[in-house]
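Comments concern the structure below.
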Amino acid sequence: MAEPSHRKRIWGWMMYDWATQPFHTLILTFIFGPYFAEQVIAHLTAGGMDAAHAKAEAQSIWGYGLTAAGLMIALSAPVLGAIADESKRRMPWIWLFSALYVIGSAGLWIASPEDFPTVLVLIFFALGLIGVEFTTIFTNALLPALGSREEIGKISGNGWAWGYVGGIVALVIMLLLFAENAAGVTLLGTAPLFGLDPATREGTRFVGPFVALWFVISMVPFFLWVREPKSTVPSQPGAIGRSIEELMKTLRSLPKRRSLFAFLGASMFYRDALNGVFTFGGIYALGALEWSVVQIGVFGILAAFTGAIFTYFGGIADQRVGPKPVILFSIAVLVSVCLVILTITRESVLFMPVEAGSKLPDVAFYICGAVLGAVAGVIQSASRTMMVRQADPERMTEAFGLFALSGKATTFLAPALIAVVSDVTNSQRLGITPLIALFILGLVLLAWVHPEGTKVPDDA
């Protein structure tokens with residue numbers, strides 16, 4: 001079989017973002033997350049809990065599920081990355097965790113409103129999340145082989161943009177053909193496709209199998225066209241032991257590599273905050289603005305649409321000025337938007353009262369969502385490029401394992417802080433205030449990050 005062209009290899013790699021973005025868009029944020037909260041709230045209120053407490057409790061349960069999965073990712077990612085670097089193999093790991101992703105996503109079908117199996121649903125959700133996070137580590141490590149240091153910023157940005165397009169297409173399909181509203185019809189005003197029963201929310205629950213099927217089909221170009229980069233250093237026996245030893249050496253060297261250390265710390269906080277914004281955004285809209293799952297889905301289309309457009313231009317900016325200025329600007333915008341969201345309630349916008357039944361709070365929240373979507377893809381793409389600049393080229397998978405670790409090491413922090421503040425204040429609106437502090441912490445730590453990274457000390 002002839003070797004795929006360089007262009008095909010790039011497109012194959014970008015198809016991974018297209019294949020996996022629906023998990024983040026549909027399951028984590030705009031369809032399944034709010035549906036999960038809706039069902040938990042319904043069961044808690046049916047058991048006698050007041051609505052405000054039930055909303056905070058549902059938010060906490062979702063957060064604890066994310067925390068458990070995040071801890072497993074944080075503990076395993078660097079070791080897996082180190083092993084892959086020593087063995088010079090990434091593709092077998094991508095196959096393995098792709099299977100986990102498909103099983104976890106498809107398993108969400110069991111989330112029936114009748115006797116809602118909360119724990120089992122969270123287990124399948126965690127399997128899917130672990131699958132997507134681990135495959136991302138290994139596919140990110142393939143990025144440097146696709147172009148020069150100057151080119152990978154644009155390639156990374158194009159990948160994120162293409163992923164957002166995939167998220168939009170998948171979300172539109174779900175809203176038009178499957179996800180039902182309170183009246184049991186989709187956004188088209190018709191019953192869910194394939195005879196799915198709206199009474200048992202089969203249309204909305206189909207999001208899990210749909211995301212799994214989307215992944216299986218979309219990954220075909222990736223597996224056909226993407227190749228393992230050729231290593232100049234052959235793999236040798238005892239790879240696992242050496243990989244752990246090299247990982248420990250890398251961890252010990254981090255304090256001496258101030259730029260990498262600072263970037264991992266900064267990204268740990270701002271990515272945790274960003275994940276919090278989107279993970280709880282749909283749940284916040286469900287409770288504070290009383291939106292339906294379909295309304296939240298429309299919000300998601302808007303955010304993904306602006307994300308696709310601005311991530312493309314963010315990749316161009318990354319190529320011209322480098323990733324650090326792009327990240328700094330993005331964090332400043334994210335902090336500003338979070339401050340505005342704090343002022344949006346059913347009764348007021350920017351602390352100014354609105355008439356009962358006014359659509360202004362909805363419009364304001366839609367605008368905030370559009371801005372959040374625009375900068376979210378930009379900052380994630382630029383962060384991926386920055387990690388490439390900070391990392392040792394011979395230890396790239398390990399580096400992205402550490403990158404995943406930094407993204408998940410405090411994964412409990414945003415959900416836990418949101419849950420605690422929501423409980424204490426009995427307010428979903430005030431519950432998001434910790435996200436602002438996390439963004440600011442990340443902004444401060446970026447002061448010690450060198451745009452081009454620093455070399456590993458000789459005595460590390």
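Note that Cβ sites are derived from N, Cα and C of the backbone, with glycine treated the same way.
Here the transmembrane segment (21-41) has Cβ contacts under 8 Å with residues 51, 54-55, 57-59, 61-62, 101, 105, 108, 111, 113, 116, 118, 121, 125, 128-129, 132, 163-164, 166-168, 170-171, 174, 179, 201, 204-205, 207-208, 210-211, 214-215, 278-279, 281-283, 285-287, 291, 293, 296-297, 299-300, 304 of the same chain, all six or more residues outside its ends. Per TrEMBL, transmembrane segment is recorded for 21-41 (among others).
Feature annotation from TrEMBL assigns transmembrane segment to 61-81 (among others).
If you look up TrEMBL, you'll see 93-112 (among others) marked as transmembrane segment.
Non-local neighbours of the transmembrane segment (118-147) in the same chain are 6, 9-10, 13, 16, 20, 23-24, 27-28, 32, 36, 40, 61, 65-66, 68-69, 72-73, 76-77, 80-81, 84-85, 90-91, 93-94, 97-105, 107-108, 110-111, 154-156, 208, 211, 222, 226, 228-229, 384, 387-388, 393, 396-397, 399-401, 403-404, 408; each lies 6+ residues outside the stretch with a CB under 8 Å from one of its CB atoms. Sequence annotations record features per position, and here TrEMBL assigns transmembrane segment to 118-147 (among others).
Proximity of distant same-chain residues to the transmembrane segment (159-179), defined by a Cβ-Cβ separation under 8 Å and at least 6 residues beyond the stretch ends, is recorded for 13-22, 24-26, 30-31, 186-188, 192-193, 196, 203-204, 206-207, 210-211, 214, 218, 293-294, 297-298, 300-301, 304-305, 307-309, 311-312, 314-315, 373, 377-378, 380-381, 384. The annotation transmembrane segment is assigned in TrEMBL to 159-179 (among others).
The transmembrane segment feature in TrEMBL is assigned to 206-226 (among others).
Per TrEMBL, transmembrane segment is recorded for 260-286 (among others).
The transmembrane segment annotation in TrEMBL covers 292-314 (among others).
What TrEMBL lists as transmembrane segment is 326-344 (among others). Sequence-remote contacts of a segment are chain residues at least 6 beyond its ends whose Cβ falls under 8 Å from one of its Cβ atoms, and for the transmembrane segment (326-344) they are 270, 273-274, 277, 284, 288-289, 314, 317-318, 350-351, 361, 364-365, 368, 371-372, 375-376, 378-379, 382-383, 386, 429-430, 432-433, 435-436, 439-440, 442-443, 446.
Taken from TrEMBL, the feature transmembrane segment covers 364-387 (among others).
Annotation source TrEMBL lists transmembrane segment at 399-418 (among others).
Sequence annotations record features per position, and here TrEMBL assigns transmembrane segment to 430-449 (among others). Beyond the transmembrane segment (430-449), the same-chain residues lying 6 or more positions past its ends with a Cβ under 8 Å from any Cβ of the stretch are 56, 59, 258-259, 261-263, 265-274, 276-277, 280, 284, 324, 327-328, 331-332, 334-335, 338-339, 341-342, 386, 390, 413-414, 417-419, 421-422.
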For the transmembrane segment (364-387), I need the partner stretch with the highest count of C-beta pairs below 8 angstroms, choosing only from 61-81, 93-112, 206-226, 260-286, 292-314. 292-314
Test of understanding: applying the rule of at least three C-beta pairs under 8 Å (pairs 6 or more apart in sequence), is the transmembrane segment (93-112) touching the transmembrane segment (206-226)? yes
